[in-house]
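Enquirer: One structure follows; several queries about it will come next.
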Amino acid sequence: MAEQALRRPVTVAITGASGAQYGLRLVEALVAAGHEVWVMISKAAHLVIETETDVTLPARPERMAQALIERSGAAEGQIRCFGREDWMAPVASGSGAPSAMVICPCSTGTLSAVATGASNNLIERAADVALKERRQLILVPRETPLSAIHLEHMLSLTRMGAVILPAAPGFYHRPATVDDLVDFIVARILNQLGIEHRLLPRWGE
Ligand SMILES: Cc1cc2nc3c(=O)[nH]c(=O)nc-3n(C[C@H](O)[C@H](O)[C@H](O)COP(=O)(O)O)c2cc1C
């Protein structure tokens, strides 16, 4: 991988909804597909990662990137991480942001902030940039049940061109493990991004 040119960067923001594994697996799958991955992890997401997985990620972006490179087998420089208020990061501007951003998992807090254009941290700003530039924006919320606030924000985001892809795995592929459930969602995200994968057979295959 180190010798090959990397494919277009994809931004992955992991926020503090349950389902940290979806986001971590998505990073791995993008790395395996040869993409550069630009990662942002919210403060709450660090807590969720610690609660739900055995993964420990340092808070400092450079060290976080190194830890993600080591766990995913990425090439040096294939993963970049940006801090909460790193307003100089390329994702903060239409001139530097990648063509696609995925917020996975997406907390209802971040969902609401994106729907209303709050831009109070770099994740929210990067999503705001994706919307204003008409780039691909995929949000993977995990909450149940959903309130009218959540549903209204999802509807307005859909109308703005974002894709709401709930972390709601199907069972028709007969999942035997938690990894199978996680891969179901990650496969759906990769399908949206138009990225080839072998995580799951496509319907009818
Ligand atoms: C273990 C844990 C699980 C959580 N699960 C969810 C969840 O499934 N969905 C959600 O919207 N928020 C969930 N939260 C709450 C969010 O983390 C919280 O609202 C936070 O402010 C979100 O901030 P962020 O969007 O900046 O990550 C959870 C928090 C913790 C600690």
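Every residue gets a Cβ built from N, Cα and C, even glycine.
What you are looking at is a predicted structure, and each value in this text was computed from that prediction instead of being measured.
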Enquirer: Kindly point out which candidate in Ser42, Ser72 is recorded by TrEMBL as part of the FMN site with Gly16, Ala17, Ser18, Ser107, Thr108, Gly109, Thr110, Arg142.
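Expert: It is Ser42, as the record lists it for that site.
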Enquirer: Roughly how many angstrom lie between the C-alpha atoms of Ser18 (FMN binding site) and Arg188 (dimethylallyl phosphate binding site)?
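Expert: With the alpha carbons as reference points, the distance is 18 Å.
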Enquirer: Which site among Ser18, Ser107 has the most other CB atoms no more than 10 Å from its CB, taking these as binding-site residues?
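Expert: Answer by Cβ density within 10 Å: Ser107.
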Enquirer: For Gly109 (FMN binding site), what is the tally of other C-beta atoms lying within 10 angstroms of its C-beta?
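Expert: Excluding its own Cβ, the number within 10 Å is 15.
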Enquirer: Taking only the residues the record lists as binding FMN, namely Gly16, Ala17, Ser18, Ser42, Ser107, Thr108, Gly109, Thr110, Arg142, what is the largest Cα to Cα distance between any two of them, in Å to the nearest whole number?
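Expert: Comparing all Cα pairs, the maximum is 15 Å.
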Enquirer: With the FMN site defined by Gly16, Ala17, Ser18, Ser42, Ser107, Thr108, Gly109, Thr110, Arg142, which remaining residues of that chain have Cβ atoms positioned within 8 Å of the Cβ centroid?
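Expert: Filtered neighbour residues, in order: Thr15, Ala44, Ala45, Val48, Pro105, Cys106, Leu111, Pro141, Glu143.
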Enquirer: At the level of the C-alpha atoms, what whole-angstrom distance separates Arg142 (FMN binding site) and Tyr172 (dimethylallyl phosphate binding site)?
Expert: 20
